[in-house]
């Protein structure tokens, strides 16, 4: 009887896990539009712009039982293909490069976080925090 209960519990948890991973609360890794901010200490304003970034859910595993094995690497939603675009900050003094370049996500995938090209730190409390006055809204896709 205990074996049957254990099997039933395993089956229910398996089905629930599959159902939860496909639900609307966890959109899978994909390009989305996001508004970011750019500034330069030598220029008088901060400017916001809209671009595409990679965001969404990546399936992952965590070891439940302690083991002598190293932890399982956790995949993150990151760029598969990208291009770069640039904006010019207005009002920069002569001799200061007003150009700010940024990545534009063309496609995304779940994979290891590469610190050389990605910020792997998770969500920010203030993603649009600027030290300079804010000049709103450019759209670059």
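Just so you know, glycine gets a Cβ as well, placed from its N, Cα and C.
Between 21, 52, 86, the residue that has blocked amino end (Ser) written against it in Swiss-Prot is 21.
In sequence order, 29, 30, 31, 54, 55, 56, 77, 78, 79, 80 are the residues near residue 108 (disulfide bond), counting only same-chain partners six or more apart with C-beta under 8 A. Taking CA atoms as the reference points, residue 58 (disulfide bond) and residue 130 (disulfide bond) are 30 Å apart. Annotation for the disulfide-bonded residues 29, 43, 46, 130: lowest Cβ count within 10 Å of the residue's own Cβ, 130.
Here the CA atom of residue 130 (disulfide bond) lies 26 Å from the CA atom of residue 113 (disulfide bond).
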